[in-house]
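A short write-up of the structure that comes next.
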Amino acid sequence: MISTDPLLSDITDNNEHRPDKILVEYHGLDQVAFDDKYGRLPDRKLTAKTACRIIRDRCSCSGACLWSLVLRHLPVVDMFRTYKFKEYILGDIIAGISLAVLQVPQSMGYTLLATLPPIIGLYTSFFPVLIYFIFGRSRHVSIGTMALTSLILASSMSKVIPKFMADNDLDLLQNSTNSSDLTTNLNDPVVQEKIQIAMTISFMAGILLSVLSLMKFGILASYISDPFLSGYICGCNIQVLTHQFKHILGITVGNYSGALSYFYLVWDMCLNLKHVNVATLITSVIATAILIVIKKFINERYANKLRVPVPIDIIVVITATLTSYYCDFEARFGVKVVKEIPQGLPQPMVPSPQYITTFLLDAFILGLVNYVLIFIMVKMFSQKYDYPYDPDQEMLATGLAGVFGSFFCSIAGSTSPPRCILGDQAGGKTQLAQLISAMLILLTLLFLAPLLESLPLCILACLVLVSCIPLFMYYKACVLYWHTSKHDLSVWTVSLVATILIGVDIGILIGMSFSVIVVILRTQAPYSTLLGRSTQDNVLLDSKKYSKTSQLSDTIRIFRFEAPLYFATIDLFQEKLFSATVKPSVVRTRIIKGKIDDPKANGAEVIDEENKPNDSTVIVQRVQPDEHSKDDVLNIGTIIVDCTSMTFVDTSGAISLGKLDREYRLAGIRFILANTCETVKNTIKNVKECSTLTVCPSVYDAVISANVSKCNVALNNQENDEAISNM
């Protein structure tokens, strides 16, 4: 081992073995010598022969391959194959019943938010669930209606419904949805048009998700940042809560869409407060109080003692329906009720092709939101119970469920966190609980749905209102981001404000775009520093963060840049490097024609003799720095770039490193990269400009290499002096 620097003196010739200390020897090897010494394995290269073999293996078919394909794309087969009947069946039955009891009122309430007949929610809780049961891999995700997706559909439909009503002279029709009032008459032309639009958007969203899953874009959800998602959910939560008050107060307001529509809605509700229906308000207050008390102070507080949470949602729905029917709320007090609910299953319908181009962006947003919400729940439960999940398969299952359901008057199905948690708490073990829930929904559609015709609409609004309360936990994230990262706080704030001001459809695009911009801007302001030597034990420390550090050497500088080096950060990297060390132009180079007997007489050293012009010697001469330079920059002989935090380098970045190496060598300064990752090494290796660039496996190797080079230069100069003196 060679040690020529005090940094390494503590580990030289030290044979003492202590359990609290690890002694490592560094030999000053560059990357090539390091690989030779420790036997680096050859990199695997994709040859034509290897590519043909891979294609042949992928395209070959066998019984085992076919069975593996079936298990991968039809998880229901694997579920039944490994089902432990005695252990799972009771929990799945209880969970299925609990989910169905919650689904019936909740799905009707969420569909009310989409300004669609409540029966559409029951359809959505049945048809998409069947497909997800077959293709979905998660054992605990419950598919059905969701407030966010309903809000997106309502926003999308509001863009064309006014024009449709004007074109068909429906403004004066009593049953048309000229305002926010909802009609459940499925024969109403406006309702039929809304159903066609919702089906078309859901169909396109499903097709897009299915195609993206085949292209392996399931990992797309991993690129949705938590600050954006939290801010967007908070914004949607405020929108959902606000839309419920018109039903809770029993007032009629207009339909608004576009930017600032939220404030128009709030202002309209304030103007109509004098028209509040007292009976509706009293009913809503009583129902909301009961729901909150039971859910918060009984179901949550005694969750460990209750085998199944109290099904307060369905209890409130049944009680309110019976009370409304026998007391005739609609006729006596003007309380709006659900009215007509058709019995049985709907006739298959084909989505309307005329809206495909109109709502293509809306379909993409709807599909993305649906998949992200499902993926979050899938990932959470797979980590909790340690079973595998496949993002692409989940995207495919979500897409196929939307496509299939759109032919049966269903909107795009998503998931609701409280619903999934309820199924888990009730003891659900497999996807069979979702199938049991769907079968109970089917029984409701066939026999029980007409019994809910007297259900007050304000009760459905109360169910949605109370279900949004758990989402207030996302508002706490702003406090966390305030203390941890102002960048994350800005993403959260912009996503929240954009969703409220612009709308849930455009708000998601603004939030995602802003989060990407913040990531780009953060790479434009990376942290950089010089590493110094600890005055206590020679550990390399950040000289900006630690006071007990000293300069490593008069001739060596170790520079750390904590960001990738690509086309957007090249100029910033060079600026910070020159500011921390020395700019090559500070050292002036000149070519002197003729033979120089003693270059050192001019204070210069010979470099680059292989490329020197004929009859000339390239020399460098140190000059005094300008007024803006440091006093000690002219003593720098080696610059080491610590690439520990440099995760990748693109071609432009590698070329810039090669140019820096050339410029520093012409200035008589060695330029060394240390601690490079495999990605950086592979890029540098394939760039011609980096052929002479020195790469060391560690900073310590680079330091030793620099000291050895300095010693060799001094030894050569001494030999030259002795030779000249003997002449």
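Each Cβ is built from the backbone N, Cα and C atoms, and glycine gets one as well.
Not measured: the values here are computed from a predicted model.
Listed features, source TrEMBL:
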- 546-706: domain 'STAS' (DOMAIN)
- 88-104: transmembrane segment (TRANSMEM)
- 110-134: transmembrane segment (TRANSMEM)
- 195-215: transmembrane segment (TRANSMEM)
- 273-294: transmembrane segment (TRANSMEM)
- 306-326: transmembrane segment (TRANSMEM)
- 355-374: transmembrane segment (TRANSMEM)
- 395-413: transmembrane segment (TRANSMEM)
- 433-452: transmembrane segment (TRANSMEM)
- 457-475: transmembrane segment (TRANSMEM)
- 495-521: transmembrane segment (TRANSMEM)
Residues from the same chain, set at least six apart from the ends of the transmembrane segment (110-134), whose C-beta lies under 8 A from its own: 74-76, 103-104, 141, 143-147, 149-151, 153-154, 157-158, 177, 180, 182-184, 186, 191, 194-195, 198, 240, 243-244, 247, 338, 341-342, 346, 397-398, 400-402, 404-405, 408-413, 431, 434-435, 437-438, 441-442, 444-445, 449, 452, 457, 460-461, 464
Cβ-based contact of the transmembrane segment (355-374) with the transmembrane segment (195-215), 3 or more pairs under 8 Å: yes
Chain residues outside the transmembrane segment (273-294) and at least six past its termini with a C-beta under 8 angstroms from it: 247-252, 310, 312-313, 316, 320, 329, 333-336, 456, 458-459, 461-463, 465-466, 469
Spatial neighbours of the transmembrane segment (457-475) far in sequence, C-beta under 8 Å, 6+ residues away: 105-106, 108-110, 112-113, 118, 147, 182, 230, 233-234, 237, 240-241, 244-245, 247-248, 250, 280, 283-284, 287-288, 291-292, 295, 313, 316-317, 320, 335-338, 416-418
